[in-house]
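Copied over from Swiss-Prot, here are the features:
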- CYS202, CYS213, CYS216, CYS218: [2Fe-2S] cluster binding site (BINDING)
- CYS263, CYS266, CYS274, CYS277: [4Fe-4S] cluster binding site (BINDING)
- 1-130: region 'N-terminal SAM-like domain' (REGION)
- 131-190: region 'Linker' (REGION)
- 202-218: region 'Fe-S binding site A' (REGION)
- 263-277: region 'Fe-S binding site B' (REGION)
- 274-277: motif 'Cx2C motif 2' (MOTIF)
Amino acid sequence: MAKQTLLLSPPSLSSQPGKLNETLQSYNRNATDLQMLDRLALGLASLPDSAYSSIVILAGGDNSFSESLKLINRQIFNQIIGSLRRGGYIYGQDAVSGIAFDHNEAILAGLIHVGNGKYQKPDIKEMQAVPLRLGRKNDHLAGAPSLQESAAEHPCPPETMISASTMNSNEASDDELINEDNLLDDSELSAPIIQRGPAPECRPKAGKRRRACKDCTCGLAQKLQEEDAVKRADADEQLDAMRLLHDDLAEVDFTVQGKVGSCGNCSLGDAFRCEGCPFIGLPAFQPGEEVRLLNNDVQL
């Protein structure tokens, strides 16, 4: 079968006709096919099965394989390997440094790394079924004794009868009864019982707050004091977060010409005032105009 070579070109190389023609001059055009990687990636072109003895991945317009690595995914790589003959080679363009495709993908596809960036598709011949002819009698088994003869020469030992009483005695010896009263001595039995948690009489009833006795000894009073201290600390922390310092307060005098609030539109009316504006509810006024309140009526 004649050798056939496949050249895979990225789109950046095909956009430079002069450089592409210079690359094609290094190969025999009568035994070379050219295919675009972007057309394979988009599914616009397909490759024949087991048609090429060698596949060469060309470098892009920048003399690197970065564009080829982006286009050759696992699906496209398996399609390329399917068009390679058994014993064929796939590699990147000569005199170009870099990796044309992923090494792990090549190994997973069943290729063998032969060096210098070349990978070979193993030439595995098709498996053929080979019948096995087994004779009825083998020479090395001809002199072997039969089963009946071996049984006669080596008889089995006589059977031993085991009575039920013997079995019961063995079980009784294995499982001895233990007196539970002997597990604890007098000192352990007389030790006080320590209750964990509040005593039953100190437990609150449903819907009522827990209250400790005046002479509480079960630890409920101490537990309630710790809970109150935690609540008080949380309340003080929240109060400190809401407290404003002197530097946080800003006083704005609206009776002086040119003085405005933070939004700068307080004098235009409620539609232009923020939520915390002190002039909410007052009519619009001129900046610098004196505002007076007389009998809850606004006097401008």
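Quick reminder: no glycine exception, Cβ is built from N, Cα and C everywhere.
With a cut-off of 8 Å between Cβ atoms, the residues of this chain six or more beyond the region 'Fe-S binding site B' (263-277) that come close are 254, 283-287, 289. Note: the Cα of CYS277 ([4Fe-4S] cluster binding site) and the Cα of CYS213 ([2Fe-2S] cluster binding site) are spaced 53 Å from each other. Put simply, CYS274 ([4Fe-4S] cluster binding site) is 54 Å from CYS213 ([2Fe-2S] cluster binding site) when counted between their Cα atoms.
When the alpha carbons of CYS274 ([4Fe-4S] cluster binding site) and CYS216 ([2Fe-2S] cluster binding site) are compared, the span between them is 56 angstrom. A count of other CB atoms within 10 A of each Cβ picks out CYS277 as the most crowded of the binding-site residues CYS213, CYS274, CYS277. Model confidence over the region 'Fe-S binding site A' (202-218) stands at 71, taken as the mean pLDDT rounded to a whole number. Shown are the binding-site residues CYS216, CYS218, CYS266; the one with the most C-beta atoms within 10 angstroms of its own C-beta is CYS266. The separation of CYS266 ([4Fe-4S] cluster binding site) from CYS218 ([2Fe-2S] cluster binding site), Cα to Cα, is 63 Å. DSSP classifies CYS266 ([4Fe-4S] cluster binding site) as helix under the three-state reduction.
Classification of CYS216 ([2Fe-2S] cluster binding site) by DSSP places it in coil, neither helical nor stranded. Here the C-alpha separation of CYS216 ([2Fe-2S] cluster binding site) and CYS266 ([4Fe-4S] cluster binding site) works out to 62 Å. Following the DSSP three-state reduction, the secondary structure of CYS274 ([4Fe-4S] cluster binding site) is coil.
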